[in-house]
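The topological domain 'Cytoplasmic' annotation in Swiss-Prot covers 1-42, 91-102, 146-162, 206-215, 261-267. Sequence annotations record features per position, and here Swiss-Prot assigns transmembrane segment to 43-63, 70-90, 103-123, 125-145, 163-183, 185-205, 216-236, 240-260 based on sequence analysis. Look at Swiss-Prot and you will find 64-69 tagged as topological domain 'Periplasmic', backed by sequence analysis.
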Amino acid sequence: MILWRIVRPGAAMAYVQTGLVLIAEAMDTQQDSLKPRPAMRAAAFSVHVFTAFGAAIALLAMLEAVREHWAAMFQWLGVALIIDAIDGPIARRLDVKNVQPNWSGDVLDLVVDFVTYVFVPAYAIVASGLLLPVAAPLLGVAIIVTSALYFADLRMKADDNHFRGFPALWNAAAFYLFLLHWPPLWSTLLVAALVVLTFVPFHVLHPVRVVRLRWLTMSLIGIWAVLSLYTLDMDFRVGPGVTLALCAIALWISFSDALIRFARSFA
């Protein structure tokens, strides 16, 4: 009773309210201290800007394609490929997803990939005269539509990071069409087959994320990069040895998983 008289109910309530205010201020201070600093936010956003530059590179590649400067077009697409290869590790290093939660790097990456991997190469395939004239526009439309559906497919990657089906790598397909320069009928049949294979559930090797035999894959990718640069510098006028090596690497990327599974079935 003495304590109750000393500390009246009104005063006790005031003490409680004051305590709650102090706790809330302390929590706000702690949350503020956990917020990313402006420099961190700027660095994280710069990664998104870097990724978006891939779309600008696609425009430059398209301008070269319209002029029928095919080797220059592929060189720009190669720059876009480098951006696509390194922006992800940088984003994970800087924790961009949490530092800049209002910007979706995944969506941005899909947008850039579609114009660099699909749209510009599709134009090159259709406009280059490599296909039968009657089939070229139809196959161009098929490339765009099936690739858009593939990009929206949540099953596009298997659990072991292999791609399911032909992974809409039309920049690579276009490169090989220019390299091989087959008769229009053969090239038309190849493009039609790749369109169909987009939805066939075979596994295509992801050059970076598949762990199995990564050392071999990365070595082959390095060789492929050197030979591809040489091919573009020569405007696709290379000898059969270079062509054979480039085709062998492409076949390994496309069918190594099926080959390994087949070999293991006899073990």
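Placed from the backbone N, Cα and C atoms, the Cβ positions cover glycine too.
Worth saying up front: this structure is predicted, and the values here are computed from it rather than measured.
Helix first, then strand, then coil: DSSP counts for the topological domain 'Cytoplasmic' (206-215) stand at 2 helix, 0 strand, 8 coil. In the topological domain 'Cytoplasmic' (91-102), helix, strand and coil residues by DSSP number 7 helix, 0 strand, 5 coil. Counting Cβ pairs closer than 8 Å to the transmembrane segment (216-236), the top stretch among 43-63, 70-90, 103-123, 125-145, 163-183 is 70-90. Proximity of distant same-chain residues to the topological domain 'Cytoplasmic' (146-162), defined by a Cβ-Cβ separation under 8 Å and at least 6 residues beyond the stretch ends, is recorded for 110, 113-114, 117-118, 122, 168, 170, 195, 198-199, 203-206, 209-212, 257. Same-chain residues lying 6+ beyond the ends of the transmembrane segment (185-205) with a Cβ under 8 Å from its Cβ atoms: 125, 130-132, 135-136, 139, 142-143, 146-147, 149-150, 158, 162-168, 170, 173, 177, 217, 252-258.
Below 8 A, the CB atoms of the transmembrane segment (43-63) and the transmembrane segment (240-260) form no more than two pairs separated by six or more positions in the chain, fewer than 3 in all. Same-chain neighbours of the topological domain 'Periplasmic' (64-69): 76, 120, 123-124, 127-128, counting only residues six or more beyond its ends whose CB sits under 8 Å from a CB of the stretch.
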